[in-house]
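Input: a single structure, listed below in structure tokens.
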Amino acid sequence: MRLIPLSTAEQVGKWAARHIVNRINAFKPTADRPFVLGLPTGGTPLTAYKALVEMHKAGEVSFKHVVTFNMDEYVGLPKEHPESYHSFMHRNFFDHVDIPAENINLLNGNAPDIDAECRQYEEKIRSYGKIHLFMGGVGNDGHIAFNEPASSLASRTRIKTLTHDTRVANSRFFDGDVNQVPKYALTVGVGTLLDAEEVMILVLGHQKAQALQAAVEGNVNHMWTISCLQLHPKAVVVCDEPSTMELKVKTLKYFNELEAENIKGL
């Protein structure tokens, strides 16, 4: 696992965006051989999306031959709702870049057959071979996507019941009213994430410090879903300074020295 320790949330977003752009451009995608990118929602990736849009407008990257798969979606929330992940992605990213509509894949939380929707999502991912890079965030309790504590580390795309803590955390997007936050969501599984060629998780804020410590220094444990990254051959964790508060000094020193060339100048 790589740990990229930076100072601010803005630096995390810019580093992540640059990494994505470098991967896409090195891949040299075509219509017949697209780059497959996994994407998250929420507050954490907003600076990364802003930076990606800016780099696209500057001519540094095209998303014309990029196929995207989003991590999750609420169940029962109309896709036109301002807090649906469909709306979030179009508002913050898709509407500002040159990605073709047919290359965008979002789970349908209003599908008449939820099980079939999840199965077809997995099949579509497999039809492209694999996701080349999956970007994600992490919850205070260590969940990635909506794989809440005690999720199977071999799980696939499915419906999940959201914990009360997750709904409280997400209520900031629903006028602070937890009762407006859906109780269920569709989410890619931990196994789905681990199948990606590379996984990049962004960690911001002191409230995520315990989750980061569990990911980097703890044991692989289904109660801390983020610890699954230890099983991945190419995992990258990009974090700001407040989120590192629970890490041992020697751990942080080790990664600062290891990644010195990759973080200088930020």
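For all residues, glycine too, the Cβ spot is worked out from N, Cα and C.
Taken from Swiss-Prot as is:
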- ASP72: active site, proton acceptor (ACT_SITE)
- ASP141: active site, for ring-opening step (ACT_SITE)
- HIS143: active site, proton acceptor (ACT_SITE)
- GLU148: active site, for ring-opening step (ACT_SITE)
- SER151: site 'Part of the allosteric site' (SITE)
- ARG158: site 'Part of the allosteric site' (SITE)
- LYS160: site 'Part of the allosteric site' (SITE)
- THR161: site 'Part of the allosteric site' (SITE)
- TYR254: site 'Part of the allosteric site' (SITE)
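Shown here: features listed in Swiss-Prot, placed on the structure.
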| residue | record | DSSP (3 states) |
| --- | --- | --- |
| ASP72 | active site, proton acceptor | strand |
| ASP141 | active site, for ring-opening step | coil |
| GLU148 | active site, for ring-opening step | coil |
| ARG158 | site 'Part of the allosteric site' | strand |
| TYR254 | site 'Part of the allosteric site' | helix |
Report summary line: Per the 10 Å Cα distance test against THR161 (site 'Part of the allosteric site'), the active-site residues ASP72, ASP141, HIS143, GLU148 reduce to GLU148
Query - Site of maximum Cβ density within 10 Å, from recorded positions HIS143, ARG158, LYS160 - result: HIS143
Requested in this report: Using SER151 (site 'Part of the allosteric site') as the reference point, find which of the active-site residues ASP72, ASP141, HIS143 has the shortest Cα-to-Cα distance to it.
Outcome: HIS143
Report summary line: Keeping only the recorded positions of ASP72, ARG158, LYS160, TYR254 whose C-alpha lies within 10 A of that of ASP141 (active site, for ring-opening step) yields none
Report summary line: The sparsest Cβ environment within 10 Å, among the recorded sites SER151, THR161, is found at THR161
Report summary line: The recorded positions listed are ASP72, HIS143, GLU148, ARG158, LYS160; by CA-CA distance, the one closest to TYR254 (site 'Part of the allosteric site') is HIS143
Report task. Take the C-alpha atoms of GLU148 (active site, for ring-opening step) and ARG158 (site 'Part of the allosteric site') and report the distance between them in angstrom, rounded. Result -> 12
Query raised in the report: Near ASP72 (active site, proton acceptor), which residues of its own chain have a C-beta under 8 A away, given they sit six or more steps off in sequence?
Result: PRO40, THR41, TYR85, LEU107, ALA145, PHE146, ALA185, LEU186, THR187, VAL188
Query raised in the report: Where ARG158 (site 'Part of the allosteric site') and HIS143 (active site, proton acceptor) are concerned, what is their Cα separation in Å, rounded?
Result: 15
**Report entry** C-alpha spacing of LYS160 (site 'Part of the allosteric site') relative to HIS143 (active site, proton acceptor), in angstrom
**Finding:** 12
Report summary line: Around the Cβ of TYR254 (site 'Part of the allosteric site'), other Cβ atoms within 10 Å, all chains included, total 14
Query - ASP141 (active site, for ring-opening step) CB neighbourhood, other CB atoms within 10 A - result: 19
